[in-house]
């Protein structure tokens, strides 16, 4: 028997409404306690997570995004402290994120020089009457050029790790996963990202404004451009040093990736490393040659040679 919570009338266990006052009956004495008790014993952590996710999906999504960002930050920070550590985190795609960040920074660096150079030459060419000048006067750097540069920078960033992976699989004969190899390899890119960031800021803040100033029509036709060119040469030397540091970091990571893995072949690691670096050199040259031919026209290079050099 149960009692109505309103009028205290005794009712049957199966009653749903009180026959005295008509109020809906909730069996507080038996069913809820049993249900709670049963749920306490049968509920699992997985079910709890699923129930929580169904009740507040937006909260879970935000938490997952924050957790992923924190995980990559931890990966980046630990890689910056110990690039040669084998710990690469649970996410096998962190390496690709580092490659995209590195390619994006390198794109900004290139565009910071390329944009004022092309636009400045386009403005200067309006002062002349040759067919080359008329062609160049309509050239401007747009969104399509940015995408081309970014695409080529991604390819360049993948050259070293992909050739290192192929050397490990084919020459060292190690059965390694591509994604995990890239993530482990890209730990060394943390230092490269810092150098690329410094290079990008230096290019935007120092070099790009000077190029725009030199190619200004009023300054270009005066004698003051020569002092600016001499000043720019010193900045370009610093830029070359930064780019050289980036290249040396890539070489160091490449060599370490070959010497840190087990050698299951009869070829000495040194020769494998030399072969890999030779292949990297040829691939780099081919990609950069195709990049220049695709992005920079022959008429533009001829104009630079005739009027600016």
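Cβ atoms are placed via backbone N, Cα and C, with glycine included.
Owing to the predicted nature of the structure, the values given are computational and were not obtained by experimental measurement.
TrEMBL assigns the feature transmembrane segment to residues 271-292, out of the candidate ranges 117-138, 271-292. From the options 58-79, 146-167, the stretch TrEMBL describes as transmembrane segment is 146-167. Per TrEMBL, the stretch carrying the note region 'Disordered' among 15-35, 36-56 is 36-56.
Of the candidate ranges 93-114, 188-208, 271-292, 93-114 contributes the most Cβ pairs within a distance under 8 Å of the transmembrane segment (146-167).
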